[in-house]
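In what follows, a structure is listed as structure tokens, so that the remarks can point back to it.
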């Protein structure tokens, strides 16, 4: 109730004051705004709108409020925060900041912040507290803690060192502040640690292991080394690879190097590197600058070792022997260094040194090499004479003949090849195998290949067929053979040296062998030329005989079926036709001194080699003749033979009836004489069948053994039944004997087949006995009929 009366009395008093108050004039808010804007536009009033537009504030008031806010915030305030507090546009704040900085020297602008000296003093006090606590502080850590730039902070702290901050700045690294106690403590640790080191130690490893400040460590270490407190050197400067080398280690190191060099006469760069010497070459040059040394790739050699090698080389050259310098050198020297050393030793000899280096370390005198070639002299003559007899076609090539002085007169006259060949043929040509060729044999020459054969020693005959130039196909010995011979005469020689020496000797030995072959060939040619050569008349007679034989053999083949004719044709081409071809090739080979004693020894490869030396006109005809031997037609062969004889100026006498009868008689006589003396059942059957064929058909037949059954089958209607039955029975026994022999060969020495062997033996004996009983009867089929028959001549 009392409160209500109190409120009534207060309202009555306010009413009374209002009755007695004087009335005044008031401007509206709009009029006030217009008046202020007019004053601002006339520059009679300088005020700034607040951001909400409700107040005006003067620049002086802005500056005052900024100073107040800076003081309130401890001397550091961001201008963005000032703009929010004062509530004016940021441009007005920035314009007043520049005025404050100009008027007040203790205030500065850093990264959009106002900072005064009071704040920096306070910051320095905090830094000093941290410094005294830890002994060191880094500017980088302070930058992160106080969000200030490093240069500004370094400058501010430097000004307060000794005044507020009790410490000093590292001169080498201005980003660290130390206390004297910290430096002294670390200096003592560094001094103690490095005093205990006795071998080269990387400084960087100590920094990480013991937690040293890197720049402080290098500064203290250099100071201790320069003052002599630490005995040693820092190699590598202030880098990650810096190494502290104590003097005691350097002295021990130098003592070891001197001792090793004095005892061994050389130094290994790797060994010095393992001792902790990074640049071994420069170390050696500095330490032994007055000593004569030879620097190799991985070692350094003293003059004593060089003189020892030089003396051994000189002795080997003067005595005509060889020397391997490897045993004279330390085992640790590489082959490359040994080769470089030997090269330096050989240099003073210059062109006067008649020696060759093998395997990088073996010095061989020219006299020793000459002696080695002399080891093969006798073998050269033996091989040349042997090869000369066997196959001279492989020994002398066309290029070799150009170098033989005795043939120069022949090479100068090349006007007419046919005339020249005819002239030589009248003097004589190579002898050939005589006879009618009825049972000519086949010859095969097997080629062997040596494992040590070199490319330059091989003769690819395909090159000659393509007309390409090639090296002489003359090889004395292959490398492995030469090595075997050298091992017998050179004792205790390294295998590599033997191999290289053999390879080196191949060419000179082949060259010497070529000269020996020429000498043997020419002497053999001159000594036996008269006996070896045959006249053109003898050749024409022999070619004519073989030609007529082929014609008669072809006539006899026509009695058989086509498949049998094919087999007979192949056999005839392989034997008699090949013989007549070889006769002609051997005759042409005499132009090149390539004729052989026995034309039957000429193979297809030798014919190709002879073809490569013929003139184009002769070569075409002889090539067709050579190729026709691989065909299946006797007519084609005879056609090619006619062309070949015409190209070679060989006249062939074609046979007439009388001549054919003579050939038939002579052929039968030769077969009968062979039948009389032979005891081989298979050959008896073969000869009897061929003779019965000739007696019944009056035609010659040249047949292989596999065609005998067909001949016997043909004779079934040509001879009496009893004779044919006897012939068939004898054929069965021959086949049985051959089968038995093949079984015995295939079984070998199998113990489980003893019983079978016994039975087989009994059967074989019975067969052989029966064949012996019938052989005479089989021979009589021909020999008795020959006595009773009419003479064919």
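Backbone N, Cα and C define each Cβ position, glycine as well.
Quick caveat, the model's predicted, so the values are computed rather than measured.
Residues within less than 8 Å, Cβ to Cβ, of residue 2 (N-acetylalanine) and separated from it by at least 6 positions along the same chain comprise none. What Swiss-Prot lists as N-acetylalanine is 2, and the listing cites similarity to another entry.
Taken from Swiss-Prot, the feature omega-N-methylarginine covers 433, and the record attributes it to a large-scale study or a structure entry.
Taken from Swiss-Prot, the feature phosphoserine covers 458 (among others), and the record attributes it to a large-scale study or a structure entry.
Swiss-Prot lists 462 (among others) with the feature phosphoserine.
The phosphothreonine annotation in Swiss-Prot covers 535, and the record cites similarity to another entry as its basis.
Residues or ranges marked as phosphoserine by Swiss-Prot: 752 (among others).
Swiss-Prot lists 753 (among others) with the feature phosphoserine.
Per Swiss-Prot, region 'Required for E3 UFM1-protein ligase activity' is recorded for 2-212. Mean pLDDT for the region 'Required for E3 UFM1-protein ligase activity' (2-212) in the predicted structure: 81.
The feature region 'Mediates interaction with DDRGK1' is assigned by Swiss-Prot to 2-200, with similarity to another entry given as support.
The region 'Involved in CDK5RAP3-binding' feature in Swiss-Prot is assigned to 121-250.
The region 'Mediates interaction with TRIP4' annotation in Swiss-Prot covers 200-400 and rests on similarity to another entry.
Annotated region 'Mediates interaction with CDK5RAP3' per Swiss-Prot: 490-683, in sequence order.
DSSP assignment over the region 'Involved in CDK5RAP3-binding' (121-250) gives 74 helix, 20 strand, 36 coil.
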